[in-house]
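What TrEMBL lists as transmembrane segment is A:20-49, A:61-82, A:109-136, A:148-163, A:169-188, A:200-221, A:322-343, A:355-381, A:387-407, A:414-443, A:463-487. Look at TrEMBL and you will find A:20-439 tagged as domain 'DUF112'.
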Amino acid sequence: MEELANLFHGFAVALQPYNIMLMIIGITLGVIIGVLPGLGGANGVAILLPLTFSMPPTSAIIMLSCIYWGALFGGAITSILFNIPGEPWSVATTFDGYPMAQQGKPGEALTAAFTSSFVGALFAVIMITLVAPLVAGFALRFGPAEKFAVYFLAFCSFVGLSKEPPFKTIAAMMMGFALAAVGLDSITGQLRLTFGVTELLNGFDFLIAVIGLFGIGEILLTMEEGLAFRGGNASINLRVVLQTWRELPTYWMTSLRSCLIGCWMGVTPAGATPASFMSYGIAKRLARRGNNFGKGEIEGVIAPETAAHAAGTSALLPMLSLGVPGSPTAAVLLGGLLIWGLQPGPMLFVEQKEFVWGLIASMYLGNLAGLIVVLTCVPLFAAILRVPFGIIAPLILVLCAIGAYSVHNSTFDVMLMLVFGVLGYLLKKCNYPLAPLVLAIVLGDKAEEAFRQSLLGSQGSLGVFFSNGLVSTIMALGLVALFWSAIQEGYSRLRMSMA
Amino acid sequence: MTERSGSESGPAHKTMEIGMALLIGAFGLVVIFGSLKAGINWGAEGPRAGFFPFYVGAAIVGASAINLWHARRDDDGRLFAEWGQLRQVMSVVVPTAIYVGSMPFIGLYIASMVFIAWFMRWLGGYRWLTVIAVAVGMPVVTYLVFERWFLVPLPKGPFEEWLGL
């Protein structure tokens, strides 16, 4: 029951007028970020992170996480009204959302999307409230070997679960680790991989990489398509909202299933995008009207939106309790914790109770505020979308430059951002995943530290990673995840030969 | 690219895939080289600084070799992008590079004004009035939000100094 008291204390923190104001600002900014091309959740949070350096950490994380919720909500607006997914995780929403809008039911589609997002997020937050303290308590007993095993599992899940070819995932991830290693070695204090360039003394900052890879890269991809942009109309009124709400409970089975898929995919760092696709695919197979999917079925909006939001939210569970972020945006938030002087990981629950529970409480309130903001302001956000890309693009590029500069007040970083941008464009075009690259830059130092400390303890024997039941189990799970696609292929071949 | 129906041509996807695999592989070699310089064996303090990056570099080279092999084997005749599309992309990359490169000398504000104006006028084809309104308005808003409200300093050049900001 101590958790409940903590949670109520958290609500008291989150309900302070200043924090509520930040919450609304965050949600609004987040929706705008989610609506505009080239400004995703991860990139948007990264650009705005420097603005929070002077705030108290709890207020800062409330605002930044609300930007994240806003971006999750915002992606749906463009998918449904314009058939343009503002975020990768809302691609699956276009399949049925856009046809619904075409049939003159944009209000129903938007209401269903927003409400499902809210339901998914709420489910995930409740899960975080119940599970996170337990995981954190458990993780307090972890030594370096167990810590490394958790990182190992996280990165192996990327290889096994992402839809990109496994060796491309490995290549991208290892580039991230290599970039993280550049600069001062935290254990020996020795310089490495700098090749005499003084700007590289402190290594590569992942915020620069995020702004470049996701922000600039996305703009370049959009430029390829040209500047053409079709507008659409959006109207949403109370009658439509209420009518849709009456209809939604009939799809409770789809919602529940999507929540579970979302939470699972969010905790393992697969992220919101595969979760939304998977949920859509399963709903299509199991729904009674599955054959109508793709022609404007409301269930086809509910499934991906619920799962995406549940995944996006539950990605914060491993970040808070283990210090391993479940998505690039969670990684940026984790970077924020480090900058504000907080050590992410299980000790947060012991030492920074107010921070952790304030954040969890703000997840409940932020998502509720988000639902209200998006339901009432859809026409406004749709109007922003009609500002032509020829005006938006240079403004976003300038914003990215400002964000990159203000991380360390260095113009070298701004140039680095452009290099990362071009790299991101090429990698994306060649089907290399960007999320593992970013996560590896964030976690590289910590993973290496855990690895080297484990080896120090064992005098260099790799046996330390299989020395007790706990660490062996985590490592074994990691290996299964790593070879998951090979295992699947082997299994289907076996079945083929049996048949 | 004979099987393509469109009149536009461009670099083949396969070529870019191979180039990318080689580029990443070369990066891996640099990492290995740097790690060797830092020392990859055990020292008095345990594994030395290059120990971990060495294996990371090796993994990059290994994965790139496999990606290279895949890229050479599969050829679906796809284009990476049409030349026209690449020209669009370069028309953003080159001015952005100039923008970023000029920032240390003339500051962020003037560079942003020129960059926004250039982008809107030449790529967007807007009227000068609109162009000037946005190009001047955005840096001013930026100044107020970042420097005044949130106290985040941004790079300034001689012009701002002359204005005494």
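Glycine too: its Cβ is placed from the backbone N, Cα and C atoms.
Keep in mind that TrEMBL annotations are predicted by a computer and have not been checked by a curator.
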Quick one: find which recorded stretch in A:20-49, A:61-82, A:169-188, A:463-487 has the most Cβ pairs under 8 Å with the transmembrane segment (A:414-443). A:169-188
Taking pairs 6 or more apart in sequence, does the count of Cβ pairs under 8 Å between the transmembrane segment (A:322-343) and the transmembrane segment (A:20-49) hit 3 or more? yes
Same chain, outside the transmembrane segment (A:355-381) by at least 6, Cβ under 8 Å from its Cβ: which residues? 6-7, 9-11, 13-15, 19-20, 23-24, 26-28, 30-32, 35, 57-58, 61-62, 65-66, 69-70, 73-74, 77, 110-111, 114-115, 117-118, 121-122, 125, 128-129, 132, 234-236, 241, 313, 316, 320, 342, 348-349
Selection from A:20-49, A:61-82, A:200-221, A:387-407, the stretch that has most Cβ pairs under 8 A to the transmembrane segment (A:109-136): A:61-82
Stretch among A:20-49, A:169-188, A:387-407 sharing the most Cβ pairs under 8 Å with the transmembrane segment (A:200-221): A:20-49
With Cβ-Cβ distances below 8 Å as the criterion, list the same-chain residues six or more beyond the ends of the transmembrane segment (A:463-487) that contact it, or say none. 145-146, 148-150, 152-153, 155-157, 159-161, 166, 268, 454-455, 457
Per the Cβ filter (under 8 Å) with a sequence gap of at least 6 from its ends, the transmembrane segment (A:148-163) is approached by 139, 142, 169-170, 173, 265, 268-270, 274, 318, 322, 324, 433, 435-436, 439-440, 443, 446-447, 450-451, 454, 465, 471, 474-475, 477-485
Residues outside the transmembrane segment (A:20-49) whose C-beta sits under 8 Å from one of its C-beta atoms, at least 6 past its ends, are 14, 59, 62-75, 77-78, 84, 86-88, 207, 210-211, 214-216, 218-219, 222, 312, 327-329, 331-333, 335-336, 339, 362, 365-366, 369-370, 373-374, 377, 381, 384-385, 389, 392-393, 396, 399-400, 402-403, 407, 438
Using a Cβ cut-off under 8 Å, which residues of the same chain at least 6 positions beyond either end of the transmembrane segment (A:387-407) come close to it? 36-39, 43, 46-50, 205, 207-208, 211-212, 215-216, 219, 222-223, 227, 229, 413-414, 416-417, 421
